[in-house]
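*Asks:* Handing you this structure, nothing more for now.
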Amino acid sequence: MSGEGKRLMVMAGGTGGHVFPGLAVAHHLMAQGWQVRWLGTADRMEADLVPKHGIEIDFIRISGLRGKGIRAQLSAPIRIFQAVRQARAIMRRYQPDVVLGMGGYVSGPGGLAAWLCGIPVVLHEQNGIAGLTNRWLSHIAKKVLQAFPGAFPKADVVGNPVRTDVLALPAPETRLADRSGPVRVLVVGGSQGARVLNQTLPGVAAQLSDRITIWHQVGKGALLTVQQAYQDAGQTQHKITEFIDDMAAAYAWADVVVCRSGALTVSEIAAAGLPALFVPFQHKDRQQYWNALPLEKAGAAKIIEQPQFSVAAVSEVLSGWDRTTLLKMAQKARAVAIPDATERVAAEVSAAAGSRATHVAHG
């Protein structure tokens with residue numbers, strides 16, 4: 001389907017969980033002939049990342065309102081009004097056929113500005129519980145989409161757009177068929193690392209000894225400390241790295257993953273077809289718990305909340321999973337995945353753009 005001459009503005013910023021799914025949809029539509037611009041903030045990751053993907057970006061000034069002091073709270077209406085004005089000027093200049101909100105602070109003023117300009121707004125909620133901005137914008141959006149059931153009562157469940165190299169991994173029954181020896185445990189802390197993983201897993205390695213082999217991604221600045229912890233535990237045979245550049249290769253290597261349960265991580269693990277032990281980040285909305293719950297309910301994962309995440313608890317879970325169990329869990333994870341999430345979101349964007357009056361001309 002050709003999108004020749006159609007214009008999309010993607011609103012997403014702050015974290016990879018918002019930006020990467022937006023980029024996946026943007027590239028998919030650009031391949032169909034769409035023009036794409038981005039709306040973001042100049043001091044967050046999208047400012048560097050989006051232009052590297054060949055997409056022009058416009059900036060507005062906005063930041064989060066949660067947990068700020070009284071002066072910031074009092075000035076919030078003025079700052080939001082100014083951000084909406086900035087976004088509206090950008091919308092009028094670019095004249096998109098449709099706007100896609102993928103989350104982050106920028107989506108609020110951007111979505112309101114689009115609505116004021118009569119431009120259809122499509123929202124995508126990546127997490128199992130809706131963020132404040134998306135909850136608010138859902139009342140004015142043309143279409144609301146969600147990655148996991150439950151964020152919105154009536155929204156279509158379309159999954160999270162996931163990287164193509166992860167989607168291309170062989171099915172679990174092919175990948176895991178002839179494996180033997182120690183169970184391969186991939187520990188992923190993300191770019192900043194996860195202290196609870198870095199502190200607990202060396203002890204788990206000592207407890208389970210030669211029954212497991214670990215590849216532990218520790219995050220920025222934690223390499224020497226965690227290497228020392230494994231050494232002190234008499235476990236020098238494991239692979240400890242600060243970052244993992246090729247996550248698809250790491251997933252292909254692993255029999256099981258131990259990690260946080262950010263929205264994209266959960267979606268990637270399901271797409272890869274991997275069993276998981278999740279330790280959700282302790283957030284007051286319990287966002288990561290709700291992200292992980294569908295996989296636990298499907299029998300593909302186990303959740304251990306951070307206060308209970310101990311050497312004994314983790315060792316007990318991992319030692320209870322033999323290769324037969326892990327293969328069944330991997331197949332259940334793959335069954336929960338929505339591999340065509342990018343295409344589903346792109347189709348809804350196209351439909352919303354098509355619903356706009358065809359006589360609207362670009363300036």
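Every residue, even glycine, has its Cβ placed from backbone N, Cα and C.
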*Asks:* May I ask you to find which of GLN35, GLN95, GLN227, GLN288 Swiss-Prot records for the UDP-N-acetyl-alpha-D-glucosamine site already listed with THR15, GLY16, GLY17, ASN127, ARG163, SER191, ILE244, ALA263, LEU264, THR265, VAL266, SER267, GLU268?
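*Replies:* When Swiss-Prot describes the UDP-N-acetyl-alpha-D-glucosamine site, the candidate it includes is GLN288.
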*Asks:* Any idea which of the binding-site residues GLY17, ARG163, LEU264, VAL266, GLU268 has the thinnest Cβ neighbourhood at 10 Å?
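*Replies:* Across GLY17, ARG163, LEU264, VAL266, GLU268, these binding-site residues, the one with fewest Cβ atoms within 10 Å is ARG163.
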*Asks:* Around THR15 (UDP-N-acetyl-alpha-D-glucosamine binding site), how many other CB atoms lie within 10 A of its CB?
*Replies:* 18
*Asks:* How many neighbouring Cβ atoms, not counting its own, are there within 10 Å of the Cβ of ILE244 (UDP-N-acetyl-alpha-D-glucosamine binding site)?
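*Replies:* Within a 10 Å radius of the Cβ of ILE244 (UDP-N-acetyl-alpha-D-glucosamine binding site) lie 15 other Cβ atoms.
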*Asks:* Looking only at THR15, GLY16, GLY17, ASN127, ARG163, SER191, ILE244, ALA263, LEU264, THR265, VAL266, SER267, GLU268, GLN288, which the record lists for UDP-N-acetyl-alpha-D-glucosamine, tell me the maximum pairwise CA distance in angstrom.
*Replies:* 23
*Asks:* Should ARG163 (UDP-N-acetyl-alpha-D-glucosamine binding site) be counted as helix, strand, or coil on the basis of DSSP?
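*Replies:* Going by the DSSP assignment, ARG163 (UDP-N-acetyl-alpha-D-glucosamine binding site) belongs to neither helix nor strand, so it counts as coil.
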